[in-house]
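Noted in Swiss-Prot for the protein shown:
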- His461: active site, proton acceptor (ACT_SITE)
- 35-52: FAD binding site (BINDING)
- Cys52-Cys57: disulfide bond (DISULFID)
Amino acid sequence: MSKAFDLVIIGAGSGGLEAGWNAATLYKKRVAVVDVQTVHGPPFFAALGGTCVNVGCVPKKLMVTGAQYMDQLRESAGFGWEFDASTIKANWKTLIAAKNAAVLDINKSYEDMFKDTEGLEFFLGWGALEQKNVVTVREGADPKSKVKERLQAEHIIIATGSWPQMLKIPGIEHCISSNEAFYLEEPPRRVLTVGGGFISVEFAGIFNAYKPVGGKVTLCYRNNPILRGFDYTLRQELTKQLVANGIDIMTNENPSKIELNPDGSKHVTFESGKTLDVDVVMMAIGRLPRTGYLQLQTVGVNLTDKGAIQVDEFSRTNVPNIYAIGDVTGRIMLTPVAINEGASVVDTIFGSKPRKTDHTRVASAVFSIPPIGTCGLTEEEAAKSFEKVAVYLSCFTPLMHNISGSKYKKFVAKIITDHGDGTVVGVHLLGDSSPEIIQAVGICMKLNAKISDFYNTIGVHPTSAEELCSMRTPSHYYIKGEKMETLPDSSL
């Protein structure tokens, strides 16, 4: 016998849980949420809380925080701290155990949420579409596996997230993804992270801090520079600082084959013919929408050419009662975006009028060492979007690094404006506290702040953030897409 619900959600990640909670508490609807695992770890990794909580933002931030102590300990000597450096060692097992405990606490809090919230029910298993109003809960991902439950659904939200992409090359079975990296029993002595995106860059910093004596971290990327899609100035400066921190960066390189050495290490052959022996190869070449087990074809849900579920601005699919949110839509793969989409889509379904998520001016961060904070358009994007663009740029050594021994750690601040009216359309930061600073900047940009609002604001001294209140003169411009050091005519 099937159970009837106002809303069935496939996927218990950040977006799905937000949607379920709001529907049950704000609209008093009967809601079912389906997912394959309740607590973090193998075999399926993404449990209650989704990628972010289990194998993404949360554990990654904890591990990056741990990694930052390496530099802080070294730099403390400049501030008068004296200790025997030979007695200091990093304990990877302690880090992983603490990380696991913190994630488990969050998993348990979500379990309690289901127990304590009237109208909200969790089903353990693989959710798939049988009809446009019927979701099956199976024992496995295989559509032939045993059906545990059939759920009647007036409305359905698909929120199954994304999954690490792996290269299709010989020997890929000898590699791990970021999922497994969170559960390594020992820090790798020699490690190759494949990819130039934020996951690869962040793990390179983690591994570099915790590597055993004599270890080496290498990052390879098929293009140049790393972090495609981010501000070009920041990409270049971050590369310099990663190299200064001891990370090898191989650009315009991509593995073509992975072989297992007799001692268990990996022999990597690159497309250029170069080779490298490492203990661990971690693939971090991107993430793909997780749709394979959903049986979308049974009801004709359309996909994009990249395999994401196709939705409109209100997260509606082409099937009237079926919606999709978060990574599975291939829009902006960020947890706060999925949460906002989850809240918006529930308002659309059960509220008085449709509500959409604003995907513009979304602040985000890369928790590299040093970190990046970014919001809005890059230089290149702004030059294509506006007739006249002004770029304000500052690169300086933060006060602490004048005595920390790390003068190479520059702070970069860039403000990009529509020079027609002075509206700030992009802000990009590199350096300590950039992710914290950019959140406040995002609020300013949401309110359509102008460059004059920034420089007429009195800064907090001495901070790196105050630089945003001091930038009055553009470093260069773009006129109809052409870069110029000065304006050709004062009337512009």
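Including glycine, each Cβ sits where the backbone N, Cα and C put it.
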Least surrounded among the recorded positions, given as Cys52, His461, when other CB atoms within 10 Å are counted: His461
Greatest C-beta neighbour count within 10 angstroms, which of the recorded positions Ala47, Cys57: Ala47
Most Cβ neighbours inside 10 Å, all chains, among the binding-site residues Gly41, Gly50: Gly50
Other CB atoms, at most 10 A from the CB of Phe44 (FAD binding site): 15
Cβ neighbour count (within 10 Å, all chains shown) around Thr38 (FAD binding site): 16
Length of the line joining the Cα atoms of His461 (active site, proton acceptor) and Phe44 (FAD binding site), in Å: 48
Pairwise CA distance, Gly41 (FAD binding site) versus Cys52 (disulfide bond), rounded so that it is a whole Å: 13
Cβ neighbour count within 10 Å of Asp35 (FAD binding site): 28
